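Feature annotation from TrEMBL assigns domain 'Tetrahydrofolate dehydrogenase/cyclohydrolase catalytic' to 5-119. What TrEMBL records for 138-289 is domain 'Tetrahydrofolate dehydrogenase/cyclohydrolase NAD(P)-binding'. What TrEMBL records for GLY164, ARG165, SER166, VAL234 is NADP(+) binding site.
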Amino acid sequence: MTEIIDGNAVASQIRDDLTDAIETLADAGARPGLATVLMGDDPASQTYVNMKQRDCEEVGIESIHVDVDGDAPPEELYETIADLNDDPEVHGYIVQAPVPDHVDYREVIRRVDPAKDVDGFHPENVGRVVAGDARFRPCTPHGVQKLLESAGVGTEGKDVTIVGRSDIVGKPLANLLIQKADDGNATVTVCHSRTENLAEKTRSADIVVAAAGVPELIDGSMIGEGSVVIDVGVNRVDADTEKGYELVGDVEFESANEQASAITPVPGGVGPMTRAMLLYNTVKAASMQADVDVKLP
Ligand SMILES: Nc1nc2c(c(=O)[nH]1)N[C@@H](CN(C=O)c1ccc(C(=O)N[C@@H](CCC(=O)O)C(=O)O)cc1)CN2
């Protein structure tokens, strides 16, 4: 029978496992603090930052939120970033993506203090991941690694096909999975919109990670029997529901489920893990800035 990998349960365990470290830091006068910055009014982004704030409250991390008008010039966002870089109570912060079209997200990220870059997007932190010396693993890729570990799925020597080459998921996950490490040592194929014979590359994989942002791109015919399927997609598609949409992954769940030995659902798979690993990075940032050793899960 196919195992459904429960991201909500694994994320909840990680939050529990972080509470000792948070108390230790608070006792040392360094209660971890996370800020979220949202420019514009993208509804999905609003949902995610609200959830991130709520997660902080649950575990005892201080949280602040800054809204920046979606029509404001980029300089207004840069000022917010400079303030957060200088604020000693903010150990980490994120600028929710996407930002409006007139703002260059790469320039935004370059302005974030790398020591507070709990998304792990700053070029210095990206370089450290590539070099095998990560300060902050980006949240979604790290969450995928934790989900595989929770399901007892090792990556050593496995063929992993990642569908999607984004800076947030595909590229950093590939870099993490090829590292000489217990949760790495995989042989990784990264597919994208120009890939030929995509189905061949997914079907031959031991582990398929779907992170293309295309609803139900991968169906059961593209999944090899017994493989593990991790669905990173969280797509809002119009539907006759109370909210006017439903959440759909990049994987067509029913048919993929018939083929896979283990699979993540949407919602309740990778999404909650992205948020849990953000808390993890915030605690790590506070521990490094306060120079207080803590045990991380
Ligand atoms: N600065 C960042 N921006 C974005 C990131 C990121 O890691 N850093 N990743 C994505 C969105 N994302 C994080 O912010 C994210 C996506 C999904 C979820 C989540 O909890 N999903 C739930 C369903 C939530 C819902 O009801 O809509 C689930 O899958 O169960 C959290 C965070 C892009 N931007």
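Each position is counted from 1, following the chain as shown.
Every residue, even glycine, has its Cβ placed from backbone N, Cα and C.
Taking a Cβ cut-off of under 6 Å from any atom of ligand 1, none of the binding-site residues GLY164, ARG165, SER166 qualifies. Its Cβ placed at the centre, ARG165 (NADP(+) binding site) has 17 other Cβ atoms within 10 Å.
Counting every protein chain shown, the number of other Cβ atoms lying within 10 Å of the Cβ of VAL234 (NADP(+) binding site) is 20. Around GLY164 (NADP(+) binding site), taking its Cβ as the centre, 24 other Cβ atoms fall within 10 Å, counting all chains. Non-local neighbourhood of SER166 (NADP(+) binding site): ALA211, GLY213, each in the same chain, at least six residues away, with C-beta under 8 Å from its C-beta. Between the farthest pair of Cα atoms in the NADP(+) binding residues (GLY164, ARG165, SER166, VAL234), the distance is 16 Å.
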